[in-house]
Amino acid sequence: MHRYRSHTCAQLRKSDVGSSVRLSGWVHRVRDHGGLLFIDLRDHYGLTQIVADPDSPAFKVAETVRGEWVIRVDGEVKARLSETVNANLPTGEIEIFAREIEVLSAAKELPLPVFGEPDYPEDIRLKYRFLDLRRDTLHKNIVARTKIIAEMRKRMGDVGFTEFSTPILTASSPEGARDFLVPSRIHPGTFYALPQAPQQYKQLIMVSGFDRYFQIAPCFRDEDPRADRLPGEFYQLDLEMSFVEQDDVLNTMEPVLRGVFETFANGKPVTQKFQRIPYDVAMRKYGSDKPDLRNPIEMQAVSDHFRDSGFKVFANILANDPKAEVWGIPAKTGGSRAFCDRMNSWAQGEGQPGLGYIFWRKEGDKLEGAGPLAKNIGEERTEAIRQQLGLADGDAAFFVAGDPKKFVSFAGAARTRAGEELNLVDRERFELCWIVDFPFFEWNEEEKKIDFAHNPFSMPQGGIDALNGEDLLGIKAFQYDMVCNGFEIASGGIRNHLPETMVKAFETVGLDRATVEERFGGLYRAFQYGAPPHGGMAAGIDRVVMLLVGAKNLREVTMFPMNQQAYDLLMNAPSEASPQQLRELALRVAPTKKDA
């Protein structure tokens, strides 16, 4: 028999009754039932109940073991009594009567429990992550992550992609965040950078004559803490394709990612045909470029109903600003004054003056609009709004006014809030879509200049002719995002593979040819030697896994994450370098203000 085990703790069944077996694992818990000791023994695979009676030579050792001790058990498989069968456990029909127990490793008193879902401070959980990972939910999340990545690899291979690895030590590149820099000992005073994404390398792979590339790529970004991102590093399914247009990438990757979701959706419906929603339409309908389409609320412009109306606040806004609009946010079943007042209070908490509303209710046989807005604009306009928004008895609508560019994010938040408060969101499905036609440029109000709105390497729609035109802020990019349940899970674009178009795009944001050649030298040089039209995307693995397992945050699907202050409490990183290490790297640490 093997030194430690003949079976795992999830393997034995009623058909094994009478067998002599050996198991090893962690003591999940110990229970004393009238002299009999019951030990739940746990390993990576599952749980088996061990029984030690006072007549067994194993009993003396069994009395000493405590939670999370590691033990080896030799014993005989016996059937449980019918009244003690645990139908929720794969091994629930049997138990092991112990003949011998060996303690392989004792454990100190635990700083946090490893069963159940303990509400412990996150810093304690991260410091003792090796204990936290023993919890069933977290353990299963990590295993699911591995299976999801394996499924991605399989499906990418099935549609003709080849996996390549790209360098981790590379040159600094402005991807939109700060780089993590690595000093070079051999070349003092110079630095490598950890890649924010394999963007330039994957394009170079296409220029090198390969056709369909992918990898599970680690990405490193020195960003300020954000609730929806892991500090430091994250992983993405990165891919690129040669000789493709936008539709080719979308038509290739939609079935791949839909298939991944269907495999791990645990029976929840998954969108079969993804909508392709232009960015401008998404912002107008949903107030977001990553809309949760499980929420049925769609906003509409209702400016005409308030123009020259008795509600002077909105009427004056429309009269004094040609850019101004009034948007209506329909809220089915929201037709109570209490709910409308709650939404108004929420808006004030968000820094807004309030949130105008109308709600409709039956007065006898007549459907009437109620609330201050309805009184001010009159019955005819109120009825026209109701009909446009498709509302009925017991429904409500909320209104925002001004320049849409200034209120759109608040309007989107109000849509989300109303959908959640009214339980309009179907949480038992995965709703996926594409967002397309992103703006290529945006106006930087602080610096009073044009900037790239998203990925600077994307091809502008209309090419160099559009860049030479006058309506620069009207140019759209061949860029697209995949969105699921309100989360951006993938982003990509058709690349700007023409050197002169690339230079012109960067000149528009203030970077001259010399700067482009210096900062993107490898890519720019490669484009001089025959670059195929190409495009691709990257899907965020951490977010995909989080959605599929139903985790509340990204740390629940990551094995060893940092905390929100970008500190690794388990390994105590970052840490100070020794004087010798600094000398070898020709570095000196400048004193901070507190040290000065």
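Including glycine, each Cβ sits where the backbone N, Cα and C put it.
Swiss-Prot names Arg221, Asp222, Glu223, Gly540, Ile541, Asp542, Arg543 for binding ATP. Of Glu151, Glu163, Glu470, Glu488, the residue it gives for the same site is Glu488.
Looking up the ranges 15-18, 199-202, 251-254 in Swiss-Prot, the one annotated as region 'Aspartate' turns out to be 199-202.
Per-residue pLDDT, averaged over the region 'Aspartate' (199-202), rounds to 94. A distance of 44 Å separates the Cα atom of Asp542 (ATP binding site) from that of His33 (site 'Important for tRNA non-discrimination'). Most Cβ neighbours within 10 Å among the binding-site residues Asp222, Glu223, Glu488, Asp542: this distinction goes to Asp542. His454 (L-aspartate binding site) has Glu223 as its nearest neighbour among the recorded positions His33, Glu223, Ile541, going by CA to CA distance.
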